[in-house]
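**Student:** Below are the structure tokens for one structure; questions will follow.
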Amino acid sequence: MQFVLSWVFLVAILKGVQCEVQLVESRGVLVQPGGSLRLSCAASGFTVSSNEMSWVRQAPGKGLEWVSSISGGSTYYADSRKGRFTISRDNSKNTLHLQMNSLRAEDTAVYYCKK
């Protein structure tokens, strides 16, 4: 049985009451349970390595849920993602990644990368 894993990459910088969107990308992917997927979020207008960066997700009909963060040399994960998900940065490409392994049906969600 397959399930749909969708994500939206969204990196925003607040400027007063305005929000400048630096990147928006949407895509839907069919992934087999137990499969793997790597998300990438390329940022512009700021340096990924100088900021705390996070992934959050929203499952169908539910609120936003924190997935993982990276700050300096430290990484943080929600308990249910430890050992399955790995957050990382590519400073040379100013890009944030989320490697997701051993995917489950309950991982079906819209994924957001955020500053």
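Glycine is no exception: its Cβ is also placed from the backbone N, Cα and C atoms.
So Swiss-Prot has the following annotated:
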type	residues	note
DISULFID	Cys41-Cys113	disulfide bond
DOMAIN	31-115	domain 'Ig-like'
REGION	20-44	region 'Framework-1'
REGION	45-52	region 'Complementarity-determining-1'
REGION	53-69	region 'Framework-2'
REGION	70-75	region 'Complementarity-determining-2'
REGION	76-113	region 'Framework-3'
SIGNAL	1-19	signal peptide
**Student:** Suppose we draw a 10 Å sphere around the Cβ of Cys113 (disulfide bond). How many other Cβ atoms does it contain, all chains included?
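**Tutor:** So the Cβ neighbour count for Cys113 (disulfide bond) comes to 28.
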**Student:** Average the pLDDT scores across the region 'Framework-1' (20-44) and report the rounded value.
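**Tutor:** 72, rounded to a whole number.
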